[in-house]
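Q: Structure in structure tokens, see below.
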Amino acid sequence: MVNNNGLSDSSVRKMVYAALFASMTAVGAYISVPVGLVPVTLQTLFVILAGAVLGARWGMLSMFIYVLLGIVGLPVFSGGSSGLGVLLGPTGGYIIGFILAALVIGYLFEKFQNGSIAGMVAIFLIGMIAIYVPGYFQLMYVASLGAHETLALGVAPFIPGAAIKIAAATIIYRYLKTESLV
């Protein structure tokens, strides 16, 4: 069905969901536990769900909107921070990784997801890696750390939280799928 603006109901729904996931990612930034140089937040839970629920195009767009909101000055990044300086700082690579992760997860869900739990976990894990890789390299460069030190400070402390978020995302996505909400 097409509405008065020439947009299909499906397009409008995707736009609303993209805005919703950008908003939830922003709220997730305020729910954090400080661990070393990079805080553990709920943002990545919403990032990986955005890719799974919205697909590659809209999932990526939702995270791009989130990053853009932070660049223009809305306090949507961890700890209520904002601005281009955050993207150029030690945590900026992780934030840029949000866009990449939503794209990768969305693509993999569109092409390969058959509903299996193992498949979902694998795709969410790949998405987390898509966040950690640019985050790792930017943290190493900006903080002038060695490879092992960067791994110890910027990746290892977050693995347990990432595992919990992957499990939560799997449960949430399966629920949404069973209820025909995605």
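Quick reminder: no glycine exception, Cβ is built from N, Cα and C everywhere.
Annotations in TrEMBL come from automatic prediction, not curation.
According to TrEMBL, the record shows the following:
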TRANSMEM  12-31  transmembrane segment
TRANSMEM  63-86  transmembrane segment
TRANSMEM  92-109  transmembrane segment
TRANSMEM  116-139  transmembrane segment
TRANSMEM  151-176  transmembrane segment
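Where in this structure would I find these features, and how exposed are they?
A: Below 8 angstroms of C-beta separation, residues 3, 41-47, 49-50, 53-54, 58-59, 61-63, 65-66, 69, 74, 76-80, 98 of the same chain, each at least six residues beyond the ends of the transmembrane segment (12-31), sit close to that stretch.
Only residues 6 or more beyond the boundaries of the transmembrane segment (92-109), in the same chain, are considered here, and those with a CB under 8 A from a CB of the stretch are 25, 38, 43-44, 47-48, 50-52, 54-60, 62-64, 66-67, 70, 77, 86, 123-124, 126-128, 130-139, 142.
Cβ atoms under 8 Å from those of the transmembrane segment (116-139) belong to residues 37-38, 44, 47-48, 51-52, 90-94, 96-98, 100-102, 104-105, 108-109, 145, 150-151, 153-155, 158, 162, 165-167, 169-170, 173-174 of the same chain, restricted to positions at least 6 beyond its ends.
When Cβ-Cβ distances below 8 Å are used as the criterion, the transmembrane segment (151-176) is approached by residues 33, 35-38, 40, 42, 44-45, 48-49, 52-53, 90, 117, 120-121, 124-125, 128, 132, 135-136, 139-140, 143, 145, 182 of the same chain, each at least six residues removed from its ends.
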Q: Report, as numbers and ranges, every residue of the chain located at least six residues beyond the transmembrane segment (63-86) whose Cβ falls under 8 Å of a Cβ in that stretch; write 'none' if there are none.
A: 18-19, 21-22, 25-26, 29-30, 32, 39, 41, 43, 47, 50, 92, 95-96, 98-99, 101-102
